Amino acid sequence: MELPQMPELMGLSLLVGLLALVATAAVARGWLRAEEKPSQPVCQKENEPKKSGSKKQKQNQRVRKEKPQQHSFTHPLLAAALKSHSGNISCMDFSSNGKYLATCADDRTVRIWSTKDFLQREHRSMRANVELDHATLVRFSPDCRAFIVWLANGDTLRVFKMTKREDGGFTFTATPEDFPKKHKAPIINIGIADTGKFIMTASSDTTVLIWNLKGQVLSTINTNQMNNSHAVISPCSRFVGSCGFTPDVKVWEVCFGKKGEFQEVLRAFELKGHSASVHSFAFSNDSRRMASVSKDGTWKLWDTDVEYKKQQDPYLLRTGRFEEASTMPCRLALSPDTHVLALATGTNIHLFNTRRGEKEEYFECVHGECIADLTFDITGRFLASCGDRAVRLFHNTPGHRAVVEEMQSLLKRASSESTRQRLQQQLTQAQEALKSLGALKK
């Protein structure tokens, strides 16, 4: 066998070595270029400036990105949205003088808003801190110089005094001692009588407690309703009512002597007519009317201006259908003049004309969470709701329409010129309010 000649083998070896050297040089040159010009991150565009900052700042940026977005809601009748809380709002209360709105949230603050700013572009609030706890319920004192809250973790009442400053704001100071713990079940509502004589607290079992302002229990009411779903003090301060699993609303009178001393709590009357458990109820501003909503899918308006001591029962004035109440919990608010009934289920609000029993307005997906509280201001001009980190205020157009209907009816029967002038003035004011909101029916 012949072997290859030596010159040919040497030439082939030199060619292979030269090719390997060229390839190595090309790879090394590519690495050098990569080091001179680092590649852009995938999430960063070519022209985007490089982000700088410390590790702590980057962590804070990540936290802000994870913060839930504020729920967006718009409607022609939305008057304002109050946004200062960083946590979900659970309760609201208008002061008796109509100047302030108190809100509490799980961000450990209570905020006091000025009602005169509602229609302004900016809504300022004053903050009261709830130390080492947060409030779930809040109520103004009758003189508007204090408010009480229910503490979520402490399971008791705390009183805050409001001291007016020279600049028009307030300084908030919690009293040294909270009320003693008495309830054994979760609290559903609290209240202060407009007379300032007593405080009410109600829990989800069957207990309603009547306290004096010093934190002493005056009376314990057993509602015998299997469980309580709502309880409230009447605006006249004479009555305390409750509703729950049973198909009725029970009302008691809190009796005081001529010298202001507490005497007793007596059963006054009941609202009977529903066929299932009652979700909620409310008194009118003069305590002469009441409204209730039940799991039987109806709401009812009652005349409670009766001589209950002579065994006279309240009169049923109107029954309306509300099927949503038969499948889910429902909140209720009655306008001060009883012309409008607001019902809330989930995140939606329905407004009814109580004279005709018809639904007039519907607000859908008002909040990002289920509506926690619903109330009219003391003038009946606005309806307020909360359910996330904002309070939403609506113009009460059904209330203005009800005034128009009522004044037109009364004008036909007016006998004196002075009466006609007064009624015509109220009619004109209501029509102008509707016109300004674009809600005047032609």
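Yeah, the Cβs are placed from backbone N, Cα and C, and that goes for glycine too.
The compositional bias 'Basic residues' annotation in Swiss-Prot covers 52-65. According to Swiss-Prot, the SUMO2 cross-link annotation covers Lys164. What Swiss-Prot lists as repeat 'WD 5' is 273-312. Feature annotation from Swiss-Prot assigns phosphothreonine to Thr428; the stated evidence is similarity to another entry.
Thr428 (phosphothreonine) and Lys164 (SUMO2 cross-link) have their C-alpha atoms 38 Å apart, to the nearest angstrom.
The DSSP breakdown of the repeat 'WD 5' (273-312), given as helix, strand and coil counts, is 3 helix, 18 strand, 19 coil.
Other Cβ atoms within 10 Å of the Cβ of Thr428 (phosphothreonine) number 12 in total over all chains. Around the residue listed as 'SUMO2 cross-link', the same-chain residues at least 6 positions away in sequence with a Cβ under 8 Å from its Cβ are Phe170.
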